[in-house]
Amino acid sequence: MVMIQIELPDGSIKEFSETTTPGDIAAGIGSGLARQAVAARFNDRMVDLCTPITESGRLEIITLNSPQGLEVYRHTAAHLMAHAVKDLYGDRVQVTIGPAVENGFYYDFYCEDHAFSPDDFEKIEKRMQELVKANLPIEREEVSRDSAIALFRELGEHYKVELIEDLDAPTVSLYRQGDFVDLCRGPHLPSTGRIKAFKLTSVAGAYWRGSEKNAMLQRIYATAFPDKKELRTYLNKLEEARKRDHRRIGRELDLFSFSEEAGAGLVIWHPKGALLRTLLEDFERREHLRRGYDIVMGPQILRTDLWKTSGHFDNYRENMYFTDVDGQGYGIKPMNCLAHMLIYKARQRSYRDLPLRYFELGTVHRHEKSGVLHGLLRVRGFTQDDAHIICTPDQLDEEIKRVLEFVRDVMAIFGFEYEIEISTRPEKSIGSDADWERATGALMNALKDLELPHDVNEGDGAFYGPKIDIKLKDALDRRWQCATIQCDFTLPERFDLTYVGKDGEKHRPVMLHRVILGAIERFIGVLIEHYAGNFPLWLAPVQAVVINVTDNQADYAKSVSDALRAAGVRVQCDLRNEKLGFKIREAQVDKIPYMLVVGDTEMSDGTVAPRFRSGKNLEPMSPEDFARFVQEECDQYR
């Protein structure tokens, strides 16, 4: 008799004389593992716990406390929600897709005669609880493609039919729980009773298959956790995130707006927001000049032929906007790199000229689908702090280290911790093995030399080169992709960039794309939520407000305001005939760092009484001393 040999992650081997399942193997190892098991990976393929194992291979039990396990748990919760919605709304609703996503899951529904709202959530959650209590077995079924089409057509699930018709496979997998059936690859939990804690959180619109040409669906977002304590912790964090929502704070502080008249995803900056953005951009310019970058500028539109040369036309044109000028096609730039290539090519370069570091705060436009637009965090028009570093191969290691040090210093200024990932060569790529080895080695060496911890994403680099991604962590422990360092073998080749080496021969330079903050709009959105609108003094659009106690001090308050403004302080003067407490509270709501109260005593002494927005009072001081105080506080960022 041939034994089935199963190799476990620790290298141990278990033998079985007959067919077994991952669930049985987990139970044989220990009851604790069996309770935590949600799925398995057998020979690098994700499977259910009840999947029969009939051959030898490698097995890993996937538990609930792993990212993959939580994804399986939430994917099953998505099916549970769809089941509940179908039970409650019947044939009025068609189900479409429902994946697990970061921090939860969603399911998209088509329903002509009912608009889902938070008012429906309690009813849906109640039905979900009933299905959990019923502990329905969740069973996988392999059927022919034609049988699946016939089944879902009979059920009136036309979106499922469309999905299956687009598949080439002769068979598809279905998952059943009670009278609910869904098209799915799996894996899933063994039964509905394994789901312990969930909450529906919001509803939004989403186009079928992400195309505005298709029907508008209703997307219900939700989350699920292994226990109620974890769920409560997450919901508390979610509530705090709502309070910090940059769209709400941006409106309350009069920073920016969006208008359907202008177009979706296009930011309109109000005076305070434009000033905040200007302060941030000025900071970037100073830092780049200090670190040896040259500031450059490129046009907003470039000829279509140039986008064909770069490869963007073939690979990115669906995300671009095009126009015609005097019969000549032009593309509105979605990226800043092409003008930088032309600047380099404007004259012959020598090895003595390198490295060249071109920096541009360049505004770009990308045709993002309307369903993914989200305040400042996802827009169609935005400005990137793009730089392209063109250097010799021998200079690559040092240039990468310089960029990483730049990122480290900037993140410290804003108070962000961050995580680093390096992505290596994918299966489909361009460039020689030597190019990839040199570039990947340079990225790795820089991280090692600077003692920066990092994760490696094998095979996740771009086709044109390896990269480092830096994700900052905000006050709510959320991750945001901002800085990127990307090696590029494509553009130097496509634009025939060369330099004359010490040997008098022409050589191909190495190029790095890099951003530090990324999109300025997105970074400001992250800053607003990180600080909850309480910007540090150097970034605050209004640094202080002068508040008079009575009309007697109005002239003095105005003179103080004028003097501070002349000294470079961004100041307002509140002379309204309102009570002092009211004006102080309003300044706190506006998140102005300092309130300078002036009454008869201050007027007589020629001073102001500073009060921080937290309520802490400073000793009275002269307007000149306060201006110096602000100057010293902000000098480190100038």
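For all residues, glycine too, the Cβ spot is worked out from N, Cα and C.
Keep in mind that this is a model prediction, so the values were computed, not measured.
Among the candidates HIS288, HIS374, HIS388, HIS454, the residue that Swiss-Prot annotates alongside CYS337, HIS513 as binding Zn(2+) is HIS388.
Close to the recorded Zn(2+) site, the chain also has MET335, ASN336, HIS340, TYR358, ASP386, ALA387, GLN486, ASP488, LEU491, MET511, LEU512, ARG514: residues not among CYS337, HIS388, HIS513 whose Cβ is within 8 Å of the site's Cβ mean position. Long-range neighbours of HIS513 (Zn(2+) binding site) (same chain, six or more residues apart, CB within less than 8 Å of its CB): CYS337, ASP386, ALA387, HIS388, THR484, ILE485, GLN486, ASP488.
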